[in-house]
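Some notes on the structure that comes next.
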């Protein structure tokens, strides 16, 4: 007789335990055990429990390679889902085998788990292991399907349990509730939350935290009448009362300094859309700025051409917004423009706007606004640029380049890499909750009753069109942060804390990824010969980039350096990139004139006519303002059940080498966090959005 000591760990989230019957089959290189029920006196498989069992076998099974967990009915009790963390088995020779699960078993089913050692296809020689990894991929591809979201955008998850089961009620003609309460500011897709596959949706704690925070705030907005007022704001200072209890050093600074040119320019470097600005070496023909116009703002002893040659002129071009139609909001037609803004980096270290044009087409009805124009002309011109920032940020930098692309990375990973693959183990922590938050996001933003339709001047179709244009211009190099800074010509720009912090995090990730990949891939041939890896890369190119060759995305990877860069890009996109554009949203937008989602008057065609009243009448009305800010408030408040970058409580790697690499990664991140906090002590306006302590492992909000 051979005795195997078994530990079974149940998840710690609420309702992770089960009352169903759980049995175990152990498979080794020398045989297979009988199915044996795991049962002892008292409660089995309670939430958070680690249960110990003894399994007797007729013979030694040799090296353990696979186990099967069988979930079956228990007596007359109803079906009860179970979340299994892992199974650990101590063999008769005292060798301990680890079998990671970290997934739900909802129904009566059998789950086969491999021993935790990471292996690429070439490492598997036993037919049973090759068959297992092939069957796992087949099952995932049968379950997870691609679905077209909007033509021209990355495809997304379409799984059977996304849709609710058939309705069972006496009156089939009664309309179903769509998750929207008339009069309230937002729509929540309850179905997407409730019926999403268990392994993709929020934990109970995160779900409860999300709705517990959102519900009372939405109710407060309703009771205060903020979402029913379709009129203009009477006074600018009234905007501060929207969130009287939600203040920070940054939000207070924004409200006090939003009119200053230096702060306007600062936001291009360290605001919530810091990846747009480019060094300008030649003034575009469509933006006919002359030396005579801007000479007073460049300082003595220089001129526009000299500053261009020195690399001190920068351009923010919102051409991606050109020609998109607007909609009516609250009975009033909204207006739109695609501005260009020229900036100068001066010897005092300030990035200053020196010229703004509110169109991509110059002409007599499109004046170039300058800092020495009237106070309200210049302020309104800057506000139009900030309006364009809203769409550049929300549609492209935030929703497209982090959420939607991250979801495509996630789905391709689930469909093409088995759990034993080292890249699956490396990247699965960075996919946590991405599908769930995107399901909610599609209901909040991209829905006929959502934010884009009810509070954005471009409406649902226009907002989607901006994203489609964004994807058509997206390149592989732009997602690889070091290349992006060089390509935009900002690699040596002083005071660019976003660049400094993002590079620090990128290189820490790159070092970690390098150690993991070189542990499992001995040479370039192993990379090129890994069919699962190549299918993953090809599917991302096809379903995320829609097969667009001009994107520069690889369709295959042939060398270890190529694989390292690619995996680092995926990891960064699904964590730090999102943190940089998401975490500061409320701080920079709670003062609405700094980030308006709509404009109620057309862009100025003549100078000298703007007044305080016309400025107020151009800004979004009270209702539109509050709908947008409520949604952004929700997106900036990470619900409970957080996992900061480098925090990997789920044990996927068991080998000593990768475990050391994980610990070294954590230490590097801790040092980066320390450096950021020390630097911020000397700054009037701290930049902390890329502090690793504040970065989530995944896109989970």
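Quick reminder: no glycine exception, Cβ is built from N, Cα and C everywhere.
Keep in mind that this is a model prediction, so the values were computed, not measured.
Features reported for this protein in Swiss-Prot:
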type	residues	note
DOMAIN	2-119	domain 'PLAT'
DOMAIN	120-701	domain 'Lipoxygenase'
BINDING	398, 403, 578, 582, 701	Fe cation binding site
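Taking the mean position of the Cβ atoms of 398, 403, 578, 582, 701 as the Fe cation site, the remaining residues of that chain whose Cβ falls within 8 Å of it are 399, 402, 437, 579, 581, 635, 699. DSSP assignment over the domain 'PLAT' (2-119) gives 0 helix, 63 strand, 55 coil. The average pLDDT computed for the domain 'PLAT' (2-119) is 95.
Summarising the environment of residue 701 (Fe cation binding site), the number of other Cβ atoms within 10 Å of its Cβ, over all protein chains shown, is 22. Its Cβ taken as reference, residue 578 (Fe cation binding site) is surrounded by 25 other Cβ atoms within 10 Å in the chains shown.
In the three-state DSSP reading, residue 582 (Fe cation binding site) counts as helix. Mapped onto three states, the DSSP output places residue 403 (Fe cation binding site) in helix. Reduced to three states, the DSSP call for residue 398 (Fe cation binding site) is helix.
Close to residue 398 (Fe cation binding site) in the fold, though at least 6 residues off in sequence, lie 578, 581, 582, 585, each with a CB less than 8 Å from its CB. Neighbour count (other Cβ atoms within 10 Å of the Cβ, all protein chains): 23 for residue 582 (Fe cation binding site).
With a cut-off of 8 Å between CB atoms and residues at least 6 apart in sequence, the same chain places 434, 437, 438, 441, 578, 699 near residue 403 (Fe cation binding site), listed in sequence order.
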